[in-house]
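In Swiss-Prot this protein carries:
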- C69, C71, C84, C87: Zn(2+) 1 binding site (BINDING)
- D461, D463, D465: Mg(2+) binding site (BINDING)
- C805, C879, C886, C889: Zn(2+) 2 binding site (BINDING)
Amino acid sequence: MKMLDLYGYTSIAQSFDKICISIASPESIRAMSYGEIKDISTTNYRTFKVEKGGLFCPKIFGPVNDDECLCGKYRKKRYRGIVCEKCGVEVTSSKVRRERMGHIELVSPVAHVWFLKSLPSRIGALLDMPMKSIESILYSGDFVVIDPMTTPFSKGEVISESVYNQARDAYGDEGFIALTGAEAIRELLVRLDLGAIRAGLRSELESTSSEMKRKKVVKRLRIIENFIASGNRPEWMILTVIPVLPPDLRPLVSLENGRPAVSDLNHHYRTIINRNNRLEKLLKLNPPAIMIRNEKRMLQEAVDGLFDSSRRSYVSSRAGSMGYKKSLSDMLKGKQGRFRQNLLGKRVDYSGRSVIVVGPGLKLHQCGLPKKMALELFKPFICSKLKMYGVAPTVKLANKMIQSEKPEVWDVLDEVIREHPILLNRAPTLHRLGLQAFDPVLIEGKAIQLHPLVCSAFNADFDGDQMAVHVPLSLEAQLEARVLMMSTNNILSPSNGRPIIVPSKDIVLGIYYLTLQRAQAPDQEVMSFGELSHVEYALHEGIVHTSSKIKYRMQRCNSDGTIVSEVVETTPGRLILWQIFPQHKDLTFDLVNQVLTVKEITSIVDLVYRSCGQRETVEFSDKLMCLGFQYASQSGISFGCKDMIIPDTKAAHVENASEKIKEFSIQYQDGLITRSERYNKVVDEWSKCTDLIARDMMKAISLSDEEGKLNSIYMMANSGARGSASQMKQLAGMRGLMAKPSGEIIETPIISNFREGLSVFEYFNSTHGARKGLADTALKTANSGYLTRRLVDVAQDCTVVEYDCKTKDGVVARAVIEGGAVVATLDSVVLGRVAAVDTYNPVTEELLLSAGELIDEGKVEKIRVAGLDAVRVRSPLTCESKKGICSLCYGRDLAVGDLVSIGEAVGVIAAQSVGEPGTQLTMRTFHVGGTAMRGVEVSNLIAVLDAEVKLVNSNVVTDKYGNQIVMSRSCEVVLLDSVGNEKMRHSVPYGAKLYVSDGQPVKMMDKMAEWDPYTIPIITEKTGTIKYVDLIYGVSINEVLDESTGISNRVVIDWKLHLQGANLRPRLVLLDEDGNIATLYNDLEASYFVPIGAVLNVQDGQKVHAGDVITRIPRESIKTRDITGGLPRVIELFEARRPKEHAIVSDVDGYVEFGKDYYRSKRRIFIRPVDKSLPAVEYLVPKGKHTIVNEGDFVHKGDLLMDGDPDQHDILRVLGAEALASYMISEIQQVYRLQGVRIDNKHIEVILRQMLQKVEITDPGDTMYLVGEHAGREEVMRLNRKLEEAGKKPVAYVPILQGITKASLDTNSFISAASFQETTKVLTEAAFSGKEDPLYGLKENVIVGRLIPAGTGFIMNKVKKLAMLDQSDYATYYNSELREIMGDLGDELIAEGEAASPGRSGDGYLGNGGGVVDY
């Protein structure tokens, strides 16, 4: 469909559905061109007019000035379309100089550098020649045999010049055909028969048995298949004609000093034209061949420089003086390239920026806009109004009035900005709340005023931050700003669904102060009041204080609507606060009748939102803010040195710890513990000491003084306004342990605190951590920003496309338990999800949830009462929608608190939710000033509630002291309540002492087990005598003498380093009384393999008792964990990288058996399946690595066989996608939870869904796929449905996990991939394969200049589609596609339409009755 332009020439409207890219043929280049360029001249140096026939020729590219030919004969619009007979220039708009292309006819063909050097080399793949050979033909003057005829050469053989000359002497010029340069490559490409090559490769694939050869053949076959499908011709990769960019895209700009600034492209074109012309002249002179070859090589290099300077094989001899010239590729790629700089990131007009200041007098939907700024931003609106009212007859006069700031202008400005929202944005915009709409309020001054409550959403503070203002111009833009982006609509955070418009800092302090209750003297009478006005009078007169205890008669509404009155004990402050609460049955006085900290305030705002809706919440928040500020200033809370109270017990605690540390040193001197054990114990002891001092300090600081006043610093920290216990600990307790930059902990702590002041030595120790924090901040911000960019890129095309995909699948949601403690309850995990199946109460069998029902707060309460421990819910991972997700699989839109609406861009929201805290966290490493944040190691298991014990896999032996020692690697203690429901589950490590038995009842705080957290023991199961096998001094064990103690330990060393150690298998064997190897309970020999680094506790020939520790493996010294370690971990998980030393995962259920020999210095482990008919599965464990299974142990599919992090790809292969999801969610959430950041699981699931989009073909069935090829899951499933219908063999495949970078580059859209990374590579591949971009995602639509297919754009697309349908198809399309989106409105429009023209179903939906298209 073509649209006529104002000027009369046509431009294509945006009515395309997809974009296709392919290699341009010489014919198409000539067809696009308006003329050939043969001259390098640009402008005349005297007249500055453009030269004819040159690079800026007006005859080819169009006139320089609008409607004016070069010689000036025709100079008016009326001559438009005439070609001047004198100068040959067409009279038209000068805009055509941005569109019209020229071309250069090359005398000699030239290879396109992209297809030659972008790996894998496409020309090389088609010709089956290595890239080096092709380069030698193109650049070094080697020859290639085109037709050997009678000679012994083979076709395509590369020969040097000397060999060519000898052959020519021997066989004559006619004896064979061999060529050099691009002509030779072109000739080979022309002669290719791709169909025959494909058939040959397919037959070779069937016959070959070598895996290496198979991979090579598959790679080439895939390239050839793609090329055949694309419809390109091989010889098009060799250029015979080059297109020339329109001149206005490579302009000549004159600088202030009169010198011209020339675009780099013009240099490239000049070089090419010069060399091309020189070659043309040379050929006519018939010079020696070497001169021609040299000139052709130079032409090849010039063209390489134009297309891609970075891939040139030479460096120009003049490079030093000329500098690097940007090529066409450089203009596309990178942050400054065309894609990211101009297409995805445009500058915006009608915008301004200024410093922000606090505006406590504003309402939540308002912001203060300086008058001067508003005047400039709304200038056109003011002009039109002034003109309309007749105040200024012309625009010019209106502008003058605005400049001179006449009084009438201000009145008009007031009118213009009324109800006209503006957008405020603060960089960096890490999530969608970084850009919100406000109603402007005109203010004096030059700074923008911001409402204090939106600061946390913008992450803004008032220490000099700047913000940008944007004016939405069109009515649609204003409508979207008001309805969707207004700050009052952004009460909840999209990442976790909790309120983000929440009081903080001094507001919290004010409310905390207001709700405090002072301790009453025993003889003091409690005053009673019946009305609020009396309380206010008493306060005003100073009879009572806001925190005095009073009795008050409270009227409240029962659930049945009756009013009851009761007397409550409260304070005047709490009554004042109660006044601002909205009336609702769920909001009771108990909410206020307590001391409110930030946690309680947040949950109150949340409850008000859920109960009373958005409007009430906004009003309540504003009132809350005013109260908070008022009482924070009235309270007079200050911060003084004396407020930091140092506990009296500090000296005693430090003395105590020092004594214990001396003890550890003595144990170390006596050789009872190793160096690393001593270090770990010392660090642990100081951690305990610091915690004790901190506890005593908090106790001392939280007490009121003689006047009953609370400590100011305690109030600040306790209320959550500012500061934390760990900061207070450093101020008034003890700074504690510090970390080195490497992450290790320095074992001498800082005993002083900041009030006492640090000694020089202590200060020096503390600088490590503080400086590391600052360096980290700078580095990690970039890392985190890059992670967000990759996440957005991988998830940008994931939107909600339908209401229900009808899947029966889902994932099981459970509470998250870490280290025995519940860190995320089942309530929080299932809230806002949709039930996948009908769920019943296990006791009463009452239906709690029906399939497809949204789980809201009420349903969560039912689940909790029923005591369920797992619920199957719908998940984005199992959604079966095409091109997106359905509403039910996604569940609640967290920012609204209701089911997600169709068209929501959930992918981008997920990416922002995961990426935004990353940036926050990286900036937060130094807030605790580098003190080591590390908990005391867990060394025992204590019951946290009264329960009954159930032991799982508890294989125990009794040692000589009568202790029960756990011998199982998978022992678990489960705590059951009185009904038998599981309340907690703890794993007990191998070698622990167990104090409980199966079925035993335990009381809260009972110790159930304990173990040494710093070593992994190896323990005997039987009594007997130890014998060393393959433990040879100097080869596999060494006496390691500790210089500081003089005691030596026998330590296992790496025996592979010795020649005689190659076949050793160092182990300890247990002999029975007869001197034979003892057999264990599972009929296996009692032999114990020892890993490298193990310390032997027994001598050769020593008697041991069952349960004795014969070897111990020291654990690493524990490093501090913060997000610095956490962010790289998140990146590693999302990039699906294989961990360096990943654990081996068992593929089957079965029994462990150790191999008797080694394979290439690796130890064999066999898993014998339970089903004896199946073969054993073999695994190779690196020698000296500690296996966490014993011989004869039963392992389940997916269990780990050795220490380390498992590989995600293994989890997916062995256990499937659901297990992978649960592993990744728990690992990622662990990192964020450590920083107290809450992210909903569904965001991680959305990203995971995008990572699992591809499958690997294991059997191609009756298709053209190749084994091992990667294909889109949707595509394969669609193909399989067709194959099954046709009765053919379907494709077999396995899911694969791709990292986010790889998934982004592997997307269906080449435009999106090219704008992400590796631009030239992506475009080369796309053009070579003739790819189509269906324009489904957000990025590609932004790039082609359309409305994105999300939100409003999604609906508009659907409506436009409807408008294009035949009338007969309206109702069908509407019922299938639009009813669920448009709801009742659509039904009304259909009905209106039918009423307007009866008998024509759905016609009036557009056109007559309903004006949807006008909208």
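Note that Cβ sites are derived from N, Cα and C of the backbone, with glycine treated the same way.
Annotated features, which come from Swiss-Prot, shown on the structure.
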residue: C69; record: Zn(2+) 1 binding site; DSSP class: coil
residue: C84; record: Zn(2+) 1 binding site; DSSP class: coil
residue: D461; record: Mg(2+) binding site; DSSP class: coil
residue: C805; record: Zn(2+) 2 binding site; DSSP class: coil
residue: C879; record: Zn(2+) 2 binding site; DSSP class: coil
residue: C886; record: Zn(2+) 2 binding site; DSSP class: strand
Revision key, fill the gap. Counting only residues outside D461, D463, D465 in the same chain, those with C-beta within 8 angstroms of the Mg(2+) site's C-beta centroid are I356, A460, F462, G464
**Study point:** Candidate binding-site residues D461, D463, D465, C805, C879, pick with smallest Cα gap to C71 (Zn(2+) 1 binding site)
**Key:** D465
Review point. Where's the emptiest Cβ shell within 10 Å among the binding-site residues C69, C87, C879, C886?
Key: C87
Review point. Taking each of the binding-site residues C71, C84, C805, C889 in turn and counting other Cβ atoms within 10 Å of its Cβ, which one has the fewest?
Key: C71
Study note, to complete from the structure: Counting across all protein chains, other CB atoms within 10 angstroms of the CB of D461 (Mg(2+) binding site) number 12
Exercise for review: Can you tell which of D463, D465 has the least company, meaning the fewest other C-beta atoms within 10 angstroms of its C-beta, among these binding-site residues?
Suggested key: D463
Study note, to complete from the structure: By Cα geometry, the one of the binding-site residues (D465, C879, C886, C889) nearest C69 (Zn(2+) 1 binding site) is D465
Check your understanding: C-alpha of C805 (Zn(2+) 2 binding site) to C-alpha of D463 (Mg(2+) binding site): distance in Å?
Key -> 50
Check your understanding: Residues near the Zn(2+) 2 site, C805, C879, C886, C889 excluded, by Cβ within 8 Å of the Cβ center?
Key -> E802, D804, T807, R874, P876, T878, E880, S881, I885, S887, L888, Y890
Practice item. Within 10 Å of C87 (Zn(2+) 1 binding site) by C-alpha distance: pick out those among the binding-site residues D463, C879, C886, and say none if nothing qualifies. Key: none
Check your understanding: How far is it from C886 (Zn(2+) 2 binding site) to D463 (Mg(2+) binding site), counting Cα to Cα, in Å?
Key -> 44
Exercise for review: Show, in sequence order, which residues other than C69, C71, C84, C87 on the same chain lie with their Cβ within 8 Å of the centre of the Cβ atoms of the Zn(2+) 1 site.
Suggested key: L70, G72, K73, Y74, K86, G88, V89
Revision key, fill the gap. Whole-Å Cα distance, C889 (Zn(2+) 2 binding site) to C84 (Zn(2+) 1 binding site), is 66
